[in-house]
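Asker: Here it is, the structure, as structure tokens.
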Amino acid sequence: MTSSANIATDSPANTDVLIIGAGPVGLFAAFEAGVIGLSSVIVDNVERAGGQCIELYPDKPIYDIPAIPSCTARELVDRLLEQCRPFAPPLHLGHRVDTVEQLDNGRWLARTDKGLTVESAAILIAAGNGSFVPQRLQLDDAAPLEGHYVHYSVSNLADFAGKKMVVAGGGDSALDWALALRTVAQHVTLVHRRNGFSATDSSVANMRRAVEAGEMNFAVGTIASLNAPGGQLESIELRQAEGSVQLATDHLLVLFGLVADLGPIQQWGVEVRGGRITVDTSNYESSRPGIFAAGDIAGYPNKQKLILSGFHEASLALRKAYSYAYPDKKRVHIHSSYDAKLAERVAASHT
């Protein structure tokens, strides 16, 4: 699988199916597309593959994937990426698809916020609950510091080596990053509005052990203001039950979780009800022929929000998409057990 986080080109990538979303359903769709003879390109707004599984609960167990009694969300994503390898679908991360237009020849042209263009015969939207954006710190003095001293993600631990850090949040991401940062930062303080957490028990236990060992601090309270004379963060004001305190820090990492937003999808002319794209359950096609939806973003009566359901939806959608990519060609069904070409691809991808 080829990956790119930043591409801008005047020549559009050409493919049979554009898959919007690199969560479990989007990744499986790329594999299934290859199995039935379709090329695909995957685009996702987030900087890493995995969708909600990786962004919200990477280390929580999943029990309802056929033939896998138990695995973490991270393990599932890793296995799906491995499954895709025989077809090497281009994977463009950190790209939000902003516009989708139908060309005179019936094909689709999609453009991302970073200048990537993809032309395809069909589009499969597997974007979960839409684009994920971080919940920002709701303080007027935070915005000018974002990207320099106030952060909503970590790209490289080394960027914070020797720095004083405050990490805000109570979920897995906040605790895990606080624990990771303590290995490189001069000092780390985790702050959360209460003494209870939404993180896994193991993450909470690891954090409390680190605090007891003096490897990091934990404080209960809410961030009231930022002290940044000359535009450089020096401390935060933490409001607590007994009053306010100043915590010295060089950087503030805010991990309040992610919020879902359909964003530009609402402007693509597909019927949307209750935040879901309405689909025909015979083929999971939207109200615009050639645009399909699978996974949590697909809406229909008795919808079950399961990864398993998304796999089924994507499989049927791609079979209809085949007719747009190859209208004059009859698709011949071959069971994977008897597909010699598939066997060769799988073998080659592991050499």
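Here the Cβ of each residue, glycine as well, is placed from N, Cα and C on the backbone.
Note that this is a predicted model, so its numbers are computed, not measured.
Heads up, here are the entries from Swiss-Prot:
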- Asp44, Gln52, Tyr57, Val97, Phe132, Asp296, Ser337: FAD binding site (BINDING)
Asker: Return the count of C-beta atoms lying within 10 angstroms of the C-beta of Gln52 (FAD binding site), excluding that atom itself.
Answerer: 21
Asker: State the three-class DSSP label for Tyr57 (FAD binding site), counting H, G and I as helix, E and B as strand, and everything else as coil.
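Answerer: Looking at the DSSP assignment, Tyr57 (FAD binding site) belongs to neither helix nor strand, so coil.
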Asker: Let me spell it out: for each of the binding-site residues (Asp44, Asp296), count the other Cβ atoms within 10 Å of that residue's Cβ, using every protein chain shown. Which one has the most?
Answerer: Asp44
Asker: Look at each of the binding-site residues, Tyr57, Val97, and point out the one with the fewest other Cβ atoms around it within 10 Å.
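Answerer: Across Tyr57, Val97, these binding-site residues, the one with fewest Cβ atoms within 10 Å is Tyr57.
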Asker: Just to be sure I understand the packing, how many Cβ atoms besides its own are within 10 Å of the Cβ of Ser337 (FAD binding site)?
Answerer: 7
